[in-house]
Amino acid sequence: AMMTMQMGGLVMATLGWLGSILTCALPMWKVTAFIGSNIVVAQVFWEGLWMNCVYESTGQMQCKAYDSLLELTSDLQAARALVVTSIFVAFLAFFIALSGADCTRCVDDNGTKTRISAVAGVIFIMASIMLLIPVSWSANSIVSNFYNPMVPEALKRELGAALYIGWASSALQLFGGGVLCCSGSQSQQDPYPKKYRAVKTCGPMGYAMKDYV
């Protein structure tokens with residue numbers, strides 16, 4: 001049961017890690033908002049951490065990588081650093097969790113394995129927070145600009161698919177890391193506590209030794 005719990009947590013956290021890679025790579029953090037004069041447009045703009053894309057009504061799409069970091073808004077600049085850090089932290093947690101899993105022989109001592117599993121869970125939770133912060137920050141920036149009357153309609157954006165994937169990935173890493181932490185703490189508890197009972201010492205006639213003076 002404990003091995004099943006560990007593997008379930010590791011699978012959830014790993015799926016979240018793969019999702020964070022997808023979140024980082026997809027250019028759909030911000031997409032064109034179809035409002036006002038933008039309702040009927042021939043082009044759809046996508047903005048991501050590494051490139052922006054233009055999708056034509058003819059079905060053609062052209063993507064261009066950013067020439068400079070200064071082309072990105074402040075939220076996307078911070079997101080690029082935090083998401084990449086989150087991916088590497090989760091990568092480290094994945095291998096730590098593998099070494100502490102019951103199904104591997106990297107470590108023989110069960111007590112050490114449980115501590116390793118708990119440490120991996122904490123690191124996965126850290127990676128989850130590192131992913132959640134930039135995704136939520138970008139979403140807040142998009143919503144604020146959308147309702148800001150000073151921002152022209154042509155520059156208003158909506159939440160892209162990458163943000164939703166980022167939220168889901170963060171949740172998977174958070175829950176997966178939590179399960180790994182719980183499995184580590186529970187396995188340290190002995191399910192069959194040993195009970196010791198005092199042995200009564202008797203003399204040769206069956207009387208307790210304390211009766212002899």
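The backbone N, Cα and C atoms fix where each Cβ goes, glycine too.
Residues annotated as transmembrane segment in TrEMBL: 78-98 (among others).
Residues 9, 13, 16-17, 20, 23, 29-30, 75-76, 78-79, 82-83, 85-87, 89-90, 92-94, 96-97, 100, 159, 163, 166-167, 169-171, 173-174, 176-185 of the same chain sit 6 or more residues outside the transmembrane segment (118-139) yet have a Cβ under 8 Å from a Cβ within it. What TrEMBL records for 118-139 (among others) is transmembrane segment.
Long-range Cβ contacts of the transmembrane segment (159-182) within its own chain (Cβ-Cβ under 8 Å, at least 6 residues beyond either end) map to 5-6, 8-20, 22-23, 26-31, 46-48, 83, 90, 93, 97, 117-118, 120-125, 127-129, 131-132, 134-136, 138-139, 142-143. Annotation comment: TrEMBL describes 159-182 (among others) as transmembrane segment.
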